[in-house]
Amino acid sequence: MMKHGKSEDVFKYIEKTNEKNLYRINKGLVPGMNVEGNIYVNEKLKLLIDEEIKMYQLNKCSTFLPAVIQIANVSTLPGIVKASIALPDVHAGYGFSIGNVAAFDMNNEKAVISPGGVGFDINCGVRLIRTNLFYNDIKDKQEELAQLLFNHIPVGVGSQGFILCNQNNLDDALSLGMDWSVKEGYSWIEDKLNCEDNGRSLYANSDYVSVRAKKRGITQMGTLGAGNHYAEIQIVDEIYNKKSAKLMGIEKKNQVCIMIHSGSRGLGHQIATDALIEMEKIMSKYKINVIDKQLACTPIHSPEGQNYLKAMGAACNFAWINRSSMTFLARQAFSKIFNQSPDDLDMHVIYDVSHNIAKIEEHFINGKVQNLLVHRKGSTRAFPPFHPLVPLDYQYCGQPILIGGTMGTYSYVLTGTEKAMENTFGSTCHGAGRALSRNKSRNALSYSDVLSNLKEKNISIRVASPKLIMEEAPESYKNVSEVVQTCHDSGISNKCFRLRPVAVIKG
């Protein structure tokens, strides 16, 4: 429940700071705030946040609380440090808003872990694969490529993959992550080196994944899923930092890349559901009273907290294997069309990032190094140059950050900064962020108009479910360029290069 009856009562707790694009949620907006909230938005994006508050009060919004209230609610959780942080693509979600970063002190025995701070699609993330092809090489094969990718990569709700495994293989996969993909021949060794955490969560233990979750995952390896997940053929449209782009193998405009956005499918969803049910029942044992039951949590070091961390790690490994399997299928498709090997086509993974995850990391807090459990829900890690966890290839430019746009709009590659380490626990945005609910999109937008707009932009589209055409239209989302520019201007990430889609594959 919102504490305040009028939107004006909420707005008085939100103040603009002297720092560009930074607003503060002061203590008092909701009872029991341990820290303040920080919101990174420019003036245009701030209007969308304000509108969400007003629409909720008029009962014209989703059943979720407005993002601003959710950011404040997260600040009440035990063990949170520094601030509850919202990034420019923030919007309401389950418990935590999407676009929220929150870190908890590992040395505080009361500090918590919350599945709502990770999300249901554990390790939903983005992978970018480069090629040595240019638009002129594919423009006459664009439709053929789109259809072949659609044929190769299983899409849609409940889709089943070509990468079949038995129960024993699944347990190995959940424990090993991309090491399993390399062993089975679905990944190159170089792929895992340019992947967050080398594509393997060391927390993972498949023993803590329920039988039901495993049953949901065993047939879904190498599947895209539905909703906002996609595989896109893109071309480099603009290069902002030539030195950094060159380190990623990008040197000229019109170079062809493939972007894959997917996660842990039904397996991750079931793990999140199982943990939320268990934690909601057990919170009273630890004398935890949350302001919103969707924030169900337990102490990090409790048996329940550790069980979730191990199961979540297994889901992370599944997601990395999932994106790796689709990389394998995309390489096959391109090889078939161009009659060259994927290696000859230089189909190397530039990077693979997660934007729904919780991880133990070291950060400076008040001049001291602390071990923190950083929850990133709809936000991306943004580590700077020379950070030990940044791959060797990118030590001089910082971690690549992959920002997916919307169907028919730009995507971006950014790099991490020191300011992100100082202000946002090494985090930045993850995408555009929804502006309209799926229901509103279906009611407000025309199927034929959206298809016509894509055709005008010469974008080939393949989609399993026609309703997704409206639900995933650019009008359903915030302006991704505004989101990216806000982060760039705030110094929490730097623009490197921009891509535009020429073919879109969706569930």
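Placement of Cβ uses the backbone N, Cα and C atoms for every residue, glycine included.
Swiss-Prot lists Asp121, Cys124, His229 with the feature Mn(2+) 1 binding site. Here the Cβ of Asp121 (Mn(2+) 1 binding site) has 23 other Cβ atoms within 10 Å, regardless of which shown protein chain they belong to.
His261 (Mn(2+) 2 binding site) falls within a strand when secondary structure is assigned with DSSP. Sequence-distant neighbours of His261 (Mn(2+) 2 binding site) (same chain, 6+ residues apart, CB-CB distance under 8 A): Cys124, Gly125, Val126, Asn228, His229, Tyr230, Ala231, Gly404. Residues annotated as Mn(2+) 2 binding site in Swiss-Prot, with sequence analysis given as evidence: Cys124, His261, His355.
The feature GMP binding site is assigned by Swiss-Prot to 228-232, 355-356, 404-407, Ser411, 430-433, Lys506. Counting only residues at least six positions away in the same chain, the Cβ atoms of Pro88, Asp89, Val90, His91, Ile98, Gly99, Gly378, Tyr477, Lys478, Val483 sit under 8 Å from the Cβ of Gly433 (GMP binding site).
Annotated active site, GMP-histidine intermediate per Swiss-Prot: His430, in sequence order, evidence recorded as sequence analysis. Long-range Cβ contacts of His430 (GMP binding site) within its own chain (separation 6+, distance under 8 Å): Leu87, Asp89, Gly99, His355, Gly378, Ser379, Thr380, Ile403, Gly404.
Look at Gly433 (GMP binding site): DSSP puts it in coil.
Residue pair Asp121 (Mn(2+) 1 binding site) / Asn356 (GMP binding site) shows a Cα separation of 7 Å.
Other residues of the same chain near the Mn(2+) 2 site, with their Cβ within 8 Å of the Cβ centroid of Cys124, His261, His355, are Asp121, Asn123, Gly125, Val126, His229, Ser262, Gly263, Val353, Ser354, Asn356, Gly404, His430, Gly431. Look at the Cβ of each of the binding-site residues His229, His355 and count the other Cβ atoms within 10 Å; the largest number goes with His355. Taking the mean position of the Cβ atoms of Asp121, Cys124, His229 as the Mn(2+) 1 site, the remaining residues of that chain whose Cβ falls within 8 Å of it are Gly125, Gly225, Gly227, Asn228, His261, Ser262, Gly263, Ser264, Arg265, Ala319, Asn356. Less than 8 angstroms from the CB of Thr406 (GMP binding site) sit Gly431, Ala432, Glu472, Ala473, Pro474, Ser476, Tyr477, Val480, each of them six or more residues away in the same chain. Neighbour counts of Cβ atoms within 10 Å were compared across the binding-site residues Asn228, Asn356; the minimum falls on Asn228. A simple way to gauge crowding: the CB of Ala231 (GMP binding site) has 29 other CB atoms within 10 angstroms, across all the protein chains here.
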